[in-house]
Structures are given as C-alpha cells and as structure tokens.
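Novice: Please find one structure pasted underneath; my questions will follow.
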Amino acid sequence: MKKIAVLTSGGDAPGMNAAVRAVVRYGVRQGLEVIGVRRGYSGLIDGDFVKLEYKDVAGITEKGGTILRTSRCEEFKTEEGRELAAKQIKKHGIEGLVVIGGEGSLTGAHLLYEEHKIPVVGIPATIDNDIGLTDMCIGVDTCLNTVMDAVQKLKDTASSHERAFIVEVMGRHSGYIALMAGLVTGAEAIIVPEIPVDYSQLADRILEERRRGKINSIIIVAEGAASAYTVARHLEYRIGYETRITILGHVQRGGSPTAFDRRLALSMGVEAVDALLDGEVDVMIALQGNKFVRVPIMEALSTKKTIDKKLYEIAHMLS
C-alpha cells in the first residue's frame, strides 16, 4: 500500500483534527502518500482531494472543528453516488480510506467496502457517544466539559433568581451527554430518550425540593427525549411558576478538544493506519477498557448502546 486518503464526515466533533494529524503524520512516517478529502463524502464524489504533507497538519491538534471540512451528503446515500465516489478513489490510485465520523459516516464506509471493495477503516467521532463496541467516541469528553461549564454558570443565575432552568443538550437517540452532565452538575432531573418521563412525578419532585428549602432547579433534557419547550409547558402547568429555557445547541460541537479527546484521537488515527497496512479492513477502531481494538464496522453499528440505568438512578439519588 502506497497511497491512502482520510476524510471527516457528518457532524463535527472536537478532536477530529487531532485524528487527521495522526493519520497524516504516522502515514507519512510509514512511507505513505496521504490525501485529504475535503467536505466528506461530497468531496469524495467530486474529487475534491489535496495531498497532505507533514507540515500541513502542524498546530491543528488543539483546534476544534475539522480542517478538511465536513458535510452531510444525500447523494452518497444512493448507489449511484457511491459508485461515483469509488471511481474517484480508483482514478486517483487511493488504496485505503480512513473515515472519521459517526453512525451515518461509518455506514457509508462499510458500503464502500461491501459494494466496491474499497479498503476502509472507521474512526468513531460523535458527541452523542452512541456507537456500539467502543467506550468513548472522539469529541464526547470535550462536549461534556462544555455542557458542564454552561450548566454551572446557569446554576449561578438560577439560584440568584430562585428559578427552575431547563437545559436542552444534544443527543437524538442517546442520553449519554444529558446523563453525565446531570450527574456531574447535580441536576435535579435528567430526561433521556431511553427512559420515559413522568411529568407529574417530575413536578412533584421539584415541589418537594422547594418545600425542603431548595430555591433553584436544573433539569437537563436530551433533545431526542423532548424539547425544552415541551418540558417547560408540562412543568409550568403542574408547579405553578415560570421556568427558563436554555438550548445549548451547536456550541456543544465546538471548542479546543480536551487532553482526553486529543489522546483518543491521536491513538485511533495511528491504529487506523496500522489496520490498513495490516490488511484488516471494514473495521472500526474502538476503545475497550484501556485498549484500542479493531471491530467490524457493522457489528459496532448494530450493537445498541444505551445509558447505564444504574448510573441514572444514582444521579437522581445524589441530586
């Protein structure tokens, strides 16, 4: 193998740049030519390629986002789109592809291998942390720290005004960020997609806390469980006083990656190049315990990852 490519796809996650840097520098050290694909699968279809040298990735580890840029490509979801992408790969003599992204991106990588035998290796990067068979995905730790910092600041104003704040965080199918943020900030309630919410019970809990002298409440809700506005409407009707809403939105995707995310990304990038050189393809690099392992992409994607319900119970006990 002499020439490989790397792309970032889907929603950006802090640490993607660190992974790109590792793939490029380690690849070059192994005697490979490394090509960067701009704009994810859209760039793959369009042939938007750039050769990346050692110096081109200097100073990017600490930067959020992705220097390669990213996109969500509807055309790639079609067989025709993937065929165009495969033709570009073969036309440019690319012998292996590293895909950095979440569920949709990794599915696309698998399909490239299944349909066109393009050697692919996936690196899980999504703040939702909803990819199976890996303990952590790139970007999760940074996102969690961003949410924690925001909630701590909201607690200051919530206590000053004796209010209930509802904080909506990302997590369409997974409540991981909501759960962990709620646990480490001492939120009074956590609402996640995996566990149905009982609004009457939630209201009773907040009212009981008020009777005990607690003057403020923080409720953290994952976007996939309910919107903050829906939660506010249900609560205000039951508790009889106004709430305030904060939707953190895309700020959760940004920022300089934490030390943990940098180390995770760098290690996964190196392991991805090694996997290609070893001929072990259609796999995803996963963190299991303290070890980096290679697992079949579709096995990872078909393994449902849920929150730790015992931890959920503990979070409410400690609030």
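Cβ atoms are placed via backbone N, Cα and C, with glycine included.
Swiss-Prot lists Asp128 with the feature active site, proton acceptor. The annotation ATP binding site is assigned in Swiss-Prot to Gly11, Arg72, Cys73, Gly102, Glu103, Gly104, Ser105 on the grounds of sequence analysis. According to Swiss-Prot, the feature ADP binding site maps to Arg21, Ala22, Val23, Val24, Arg25, Lys155, Gly186, Ala187, Glu188, Arg212, Lys214, Ile215, Asn216. If you look up Swiss-Prot, you'll see Glu103 marked as Mg(2+) binding site, on the strength of sequence analysis. Residues or ranges marked as substrate binding site in Swiss-Prot (evidence: sequence analysis): Thr126, Ile127, Asp128, Arg163, Met170, Gly171, Arg172, Glu223, Arg244, His250, Val251, Gln252, Arg253.
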Novice: In the structure shown, which of the binding-site residues Ser105, Thr126, Asn216 has the fewest Cβ neighbours within 10 Å?
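Specialist: The binding-site residues Ser105, Thr126, Asn216 were compared, and Asn216 has the fewest Cβ atoms within 10 Å.
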Novice: Which of these binding-site residues has the least crowded Cβ, counting other Cβ atoms within 10 Å: Val23, Cys73, Met170, Val251?
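Specialist: Val251, out of the binding-site residues Val23, Cys73, Met170, Val251, has the fewest neighbouring Cβ atoms within 10 Å.
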Novice: Counting only residues 6+ away in sequence within the same chain, which have a CB under 8 Å from the CB of the residue listed as 'active site, proton acceptor'?
Specialist: Gly102, Cys137, Val140, Met170, Gly171, Arg172, His173, Ser174, Tyr176, Ile177
Novice: I'd like to know which of these binding-site residues, Gly11, Gly102, Gly104, Gly186, is least surrounded, judged by other CB atoms within 10 A.
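Specialist: Fewest other Cβ atoms within 10 Å, among the binding-site residues Gly11, Gly102, Gly104, Gly186, is found for Gly186.
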Novice: Taking Arg21, Arg172, Lys214, Arg244, Arg253 as the binding-site residues to compare, which has the smallest set of other Cβ atoms within 10 Å?
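Specialist: Arg172, out of the binding-site residues Arg21, Arg172, Lys214, Arg244, Arg253, has the fewest neighbouring Cβ atoms within 10 Å.
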Novice: For the binding-site residues Arg25, Arg72, which Cβ has the most other Cβ atoms within 10 Å, all shown protein chains included?
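Specialist: Answer by Cβ density within 10 Å: Arg25.
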Novice: If you measure Cys73 (ATP binding site) to Val23 (ADP binding site) at Cα, how many Å is it?
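Specialist: Cα to Cα, Cys73 (ATP binding site) and Val23 (ADP binding site) are separated by 23 Å.
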Novice: Taking 10 A as the limit, how many CB atoms besides its own sit near the CB of Glu103 (ATP binding site)?
Specialist: 18
Novice: What is the number of other Cβ atoms found within 10 Å of the Cβ of Glu188 (ADP binding site)?
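Specialist: Its Cβ shell of radius 10 Å holds 19 other Cβ atoms.
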